[in-house]
Every structure is written in C-alpha cells, then in structure tokens.
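Have a look at the structure below before the remarks.
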C-alpha cells in the first residue's frame, strides 16, 4: 500500500525538474528530437503565466508518464482473484514483488537510454504491480488502513522530492526508482508472515494449518470460535455459486448494487483529487505560492492526518454520512479554489483562499470519499458476486484515474483558472447521487442491504428481520431463479 501511494505522489515531485527547467529539455525533449529555444519560465508576478510553451509532444509524453501507471492497474485489477487464490495471499504478494523491482530498475536507469521510454515503461509495470497489491492487501476489514498507508507513501515521496534531497537534476531517476525499493524488504519479510487463515480454511480446506496460522497471528489461545466462524462462512460459499463478471453485468439481481459500487469509485477519482496529487506543485505556483513544493508537502501531511481521523470515525459515523460530508465539502472547496484563482490578479490575498481551499479539499476527501470506496464494495455483495464486483470496481477506479492523469493538463490549458468548476459540477452530482441511492452499510447484513435496493426505500432506513428474512445470504427463491436465468443467458 505504501508503494502504491509513493508511486502516486512521486510523479508530482520532479514535475518542476521535468517540466520547467533546461534539464527537462535535455532529457525528454532531446530524446524526442524537440528542443524549445527557451526554458519554461514563470512570469514576474508569479502567477504561472508562461513565456514559452513546451512543445505539445513533450506535454503529451509527460501526461502519458503520469497516466500510464493507471493502465497497468486496469489490466491487473482483473487478475487479483486469480493471483490471490493460486498460491495464497502471502505467496501471491511475493510473486508480484518481482514486478516492482523491475519497474524501479527501469526508472533508475532512465538516463542510460531514452528517458521518456524508460519512465513510461517503468510506470506501466509499477501500475500493474500496484493494481495487484491494492486488490490483495485490503481484502478484509483493513480498508481504511490501506488508505492510510497510501497517503503515508504520498507524503514520503513529497519529502524525498525536495530539491536538496532527491528532487533535483542529478537524482530524479533515483527518486522515481525508489518506488520499487520496499519490494526488496517485503521479499525478505513476507516469508516470516503467517498465511491468511481464511484462505487456508475456506479455499484450501486445511483446518490444522489454519489453526496454526491463527496462533501465530494471535498468540496461544483457543481458536475454536474463529474456526467455527470460518466453517460457517465456508458453508455459505459452497451454497452460493460464484458469479462471473459477464453474469454480474447482465444480472438484474445485482444491477443496483453494482451501479452504486461503480459510482462510488468514479466519485473518488473524478472528484479532482488526483489532479491535486499529480499537479499540485503547478497549481500552487499558479496560486502565487513562492515555495510550492513545501505547500505540496503540507497537503501530504493533512492527507495523512485526516485519513487517521477517518479510521477512527468510519465505524461510528457510518459510511454514507462520511461520504456525503466529504463530497459536499469538496464541492464547496472546488468553487472556492476557482474563485481564488480567477481573482488572484485583482486581490493578492486570494492566494490564501486558493491554498486554504486546496488543503480543505484534501481533508474532506480523506474523511470519506478516499477510503470508503475501497471496502464498501465487499459490504454490498455476498460471497458469490463479490470477486467479480471488486474486479469491476477496481477497473473503473484505475480507468478513471488514467483519464484524469492524461487529460488534466489539456483541460487546464483549455479552462485556465476555471478548471475546478468542472470538478465542482461532478462533485455536486455525486453528492446528490449518494444522498438518493447509496445505503448505509454499517452494521447491516447483505439481506438488509439488498432489501433497501429491492424495495426502493430511503437509503438510510433499516429493515427489520421480518421484512428481510434471516437466510444465508443467497437470496429468495425468486431472486435465485432470476440469477439462474441470467447465468444461462
């Protein structure tokens, strides 16, 4: 998870090195055969107005360097279940560590060949690795801790990206390549970790091995209660047939849950948060900040702090409530950010408005829209359709991540200071959708959640056991007949 976060944030740190200095021309520009006559400079008023445009092909390849990370994630998101079940969670993560090492080497050695090719290839392989690890790691109830590790990785990349550390002309390949370094440590430590007891018991039927794994995790204790819970879960899995991606997409039984799950992931990525992560240095420059790198690190610190707040609140305030607060707050901040950027030349104090809006934007994101989509999918679906739903949600997340990373520089060039109005409109729509369609999943069974979708009740209401039944989670006979019909189709 930390490697995932580092890879997200590290591409922003050398942006000034790559995009705004002669050194960038000498590497990306020279390898492309395009050398601008003058370096890209800021205007005297520090608003980010450029005296010389970077060649369009350079902008395109830089955007591709940022966004290709997501293409690897899109592809590998469909392989998470296969890798996790093939040899287990621990061995699965051990195998994919090879990808992280390869990606790190490609970026460290970027100067030895064509930098734009080496960086793009390394970022693509790293994205493939992160797509697998972000699916393998947060399986279970640790979704918010997964997000906490991600934002910690982002903060680490921002600190190491300071010019007097690694964010300079000489060390930028090392800065990018370090994203693969934790994989070496993981390869040494993962063999010492116990395998997932649930995988051993439910997937492999290895009861004694599961018992030993539980004792390694929890110390000497009576594992009977945990084993009994796993036995019941195994029975549930055996009763409910696995649902493929094709069947899940066509089935009317799961259509509403799937729509909500995909919209949750779209709201995370299309909120504009990755525009902040990828391009915050340039945005702070435009806002008139004299030391934008340190402001970016401030964003990373707030990111980490408010993720910890989310960890504490998610089981108290509820998923739906935190998501509504987060999306609504981000919408207001996007409007404030736009106002600050538009009137910056008229009122110098508007730079503080823009900065405050960016900081609050990140805080609201980490309260709900950041961590919650990662684990709410598992709460919306029972064992049968869950793997397929997680794969589709992951694909949606990575695809929208790619779209933002690839198109934001062009959208910013087109819209100028009004760029975040687009995100404000999207955030308003996602807030309305969440209020109308997303149910509260905290403390509810699959049957209760399914009943909310089926009856069209207000999302926040909870049904009684009489209304929802007390089955095993496999649905009513009518629903099963519908699923069977969809499967045959």
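Here the Cβ of each residue, glycine as well, is placed from N, Cα and C on the backbone.
Here TrEMBL flags 1-442 as domain 'Major facilitator superfamily (MFS) profile'. The region 'Disordered' annotation in TrEMBL covers 457-489. Under the heading transmembrane segment, TrEMBL lists 59-82, 94-113, 119-141, 148-166, 172-193, 258-281, 293-314, 321-343, 349-367, 388-411, 417-436.
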Interface check, the transmembrane segment (148-166) with the transmembrane segment (321-343), three or more C-beta pairs under 8 A: no
Chain residues in Cβ proximity to the transmembrane segment (94-113) (below 8 Å; excluding those fewer than six residues from its ends, i.e. six or more beyond): 3, 27, 83, 87, 119, 121-126, 128-129, 132-133, 136, 173-174, 176-184, 186-187, 190-191
Sequence-remote partners of the transmembrane segment (293-314) [C-beta within less than 8 Å, at least six residues beyond its ends]: 9, 12-13, 16, 144-145, 147-148, 151-152, 154-155, 158-159, 161-163, 167, 276, 280-281, 284, 322, 355, 358-359, 362-363, 366-368, 370-372
